[in-house]
Amino acid sequence: KIGSPYLAKIRRVQQTFGLFTNKITDYEIISENGIPQKPKQYSTETLSDAGYNGLSSLTTNGLHFYFNPEARTTRNFLNAGVDVFAECANGWAHSNFIVHQNSLDSVFLAIAFRVGGTTIRTLASSTVDTLKLVRLSKNILITSAPSLVSIGVNATSQIPIQLKGHASVITSLTIRITQLIQDYREDRVNSAELIAAILREITSVATIYGIQAFVPEIVKCLPLDSLRASVVTCVTVAAVTFGVSIASSWVMNKWREGRNKKEFLNLCKQLKFSPNATDSEIDSQYRRLALQVHPDKTHDDGSGFKKLTKEVQRFHELRLQNNISQDKTETQKIIERLKQFLIDPMAFLRYFAQKVTPSTDSPVPMLS
């Protein structure tokens with residue numbers, strides 16, 4: 001019942017997922033008064049997920065080796081190759097996941113590739129000391145968790161599409177913040193370092209998101225075809241992200257160095273230590289101060305002794321960080337010994353009793 005003249009347009013889009021490139025073909029057929037005209041066809045080619053992930057990993061590792069000559073070892077080169085291969089495999093699994101409309105088989109395949117790639121990379125970068133089943137399993141689970149959550153979220157149709165694109169980043173950020181809070185609870189970082197680290201993580205995520213959104217818009221202005229544009233976008237995003245990460249680490253290290261220097265000078269003043277004191281001089285001063293607050297003498301809960309021992313332990317740690325210690329191996333031994341004193345205050349008396357020889361005039365420091 002449509003009167004003449006009229007136009008009918010039929011459009012069909014076909015997307016082909018290849019190993020390294022994807023091809024999108026757009027067919028357009030226009031009929032005028034029921035008579036088909038000459039069809040039009042447009043084709044664009046871009047990097048596939050496998051190609052994008054692999055090129056991004058290759059760019060990041062290449063920049064790392066370029067700016068860190070000491071990292072150019074055979075082991076590190078092999079690890080970089082494993083990383084590139086694993087990222088390509090993960091990208092291919094993600095494409096397969098999309099092609100098969102989130103089928104159960106494609107979900108399991110994507111999970112297997114992600115966990116398998118993470119396991120291979122973790123084993124390749126592990127040392128003899130870290131090759132323990134529990135620790136390896138924990139590292140693999142933590143590293144794989146963001147991708148596994150993303151796969152699960154994308155496979156669930158009830159979840160809003162706005163959340164699906166951010167599930168991996170939200171999970172990764174949550175895990176990282178949880179790890180930082182755990183470090184704070186175990187006294188590995190103080191409150192100021194905790195807040196600074198959390199702000200750094202949030203700022204990094206926001207910056208990377210901005211880079212990923214901004215760079216493609218800039219590349220569109222260049223006279224490049226779709227494939228070259230996707231390659232330039234991939235390399236640029238990876239390079240800028242690497243630069244942001246390096247700059248963020250540099251700022252954090254400078255801030256930490258300033259705080260550590262201030263803390264070191266405060267401990268020198270508080271404990272009456274010379275900044276350039278030797279291990280034996282510090283040992284002697286610590287022994288003199290500790291004998292005054294040891295629970296065997298004060299008959300209290302030992303809080304004063306523990307506070308002093310923690311401060312001296314921290315003083316030695318700062319000496320190592322600031323490269324002030326003359327013998328780093330001996331200083332590390334002292335730190336381990338102080339940790340033992342915190343667990344067992346009587347170990348302090350036993351240790352210094354052994355150091356006092358019968359020929360000296362100093363009394364054996366047994367106070368009970």
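FYI, residue positions are counted from 1 along the chain as it appears here.
Each residue, glycine too, has its Cβ placed from N, Cα and C.
Bear in mind that TrEMBL entries carry predicted annotations, made automatically and left uncurated.
Bear in mind that the values here come from a model prediction, so they are computed numbers and not experimental data.
The following features are taken from TrEMBL:
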DOMAIN    260-339  domain 'J'
TRANSMEM  229-252  transmembrane segment
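Summed and averaged per residue, pLDDT over the domain 'J' (260-339) gives 86. Helix, strand and coil residue tallies for the domain 'J' (260-339), in that order: 62 helix, 0 strand, 18 coil [DSSP].
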